[in-house]
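For reference, the structure discussed in these notes is given below.
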Amino acid sequence: MEFLIIILLLVLNGIFAMYEIALVSSSKARLETLASRGNKSARGVLKQLEEPEKFLSTIQIGITLIGIVSGAYGGVAIADDLVPLFSIIPGAEAYARNLAMVTTVAIITYLSLIIGELVPKSIALSNPERYATLFSPVMILLTKVSYPFVWLLSVSTRLLNKIIGVKNEERPMTQEEIKMILHQSSEQGVIDKEETEMLRDVFRFSDKRANELMTHRRDLVILHPDDSQEKVMKTIEV
């Protein structure tokens with residue numbers, strides 16, 4: 001029973017870790033697209049991204065509390081169950097309690113890394129917008145419930161950031177990032193290949209100099225308004 005409770009706590013920890021990665025990895029452009037289609041959860045995520053320290057504080061409160069509870073509860077409950085196992089080992093009777101505690105810490109640490117961190121984060125990275133919108137309503141509710149603690153942590157974070165000179169400015173998207181988004185959208189079938197090539201040509205066009213795009217007057221073929229149709233056709237064919 002104790003082990004099952006520990007697993008449940010680690011799963012909860014994993015949900016917090018998953019949401020944290022999903023929130024910071026989500027594409028604002030994709031979320032805005034979802035929001036424009038009436039996705040209320042996407043609107044909630046966008047609102048959270050405007051005040052990241054508030055919701056990151058909620059996540060950290062959850063992860064910290066779960067870590068404390070699972071560590072304290074597991075350290076006692078599971079260790080007590082392991083003491084008899086080490087007591088039957090010849091020469092280990094005097095150290096049974098210590099060995100049980102060390103083993104318990106090792107087991108909980110391993111499970112915390114796998115169930116509570118690595119696997120949830122890798123899942124979130126596979127589709128951040130999906131998991132951000134999935135857990136957004138729950139996180140908004142938790143933020144409201146734990147508002148006094150969240151407010152204190154948010155204010156402290158802003159104050160410390162101000163002292164060390166950190167500014168929360170939105171970083172403009174670079175040309176390389178836009179090209180990467182085009183590439184991913186093309187591979188996923190969101191944008192047609194023809195549209196992708198057209199948009200890529202826009203970047204190629206901006207990188208060229210005027211003399212590379214213009215035709216020198218000596219290479220021009222000029223047609224006069226009074227030229228006959230026969231002459232015009234011959235000129236075009238040439």
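Placed from the backbone N, Cα and C atoms, the Cβ positions cover glycine too.
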**Item:** Stated TrEMBL location of transmembrane segment, expressed as one of 55-78, 199-222
**Value:** 55-78
**Asked** Can you name the far-off residues of the same chain, 6+ from the ends of the transmembrane segment (55-78), with a Cβ under 8 Å from a Cβ of it?
**Response** 2-3, 5-6, 9-10, 12-13, 16-17, 19-20, 23, 48, 101, 104-105, 107-108, 112, 116, 139, 142-143, 146, 149-150, 153-154, 157
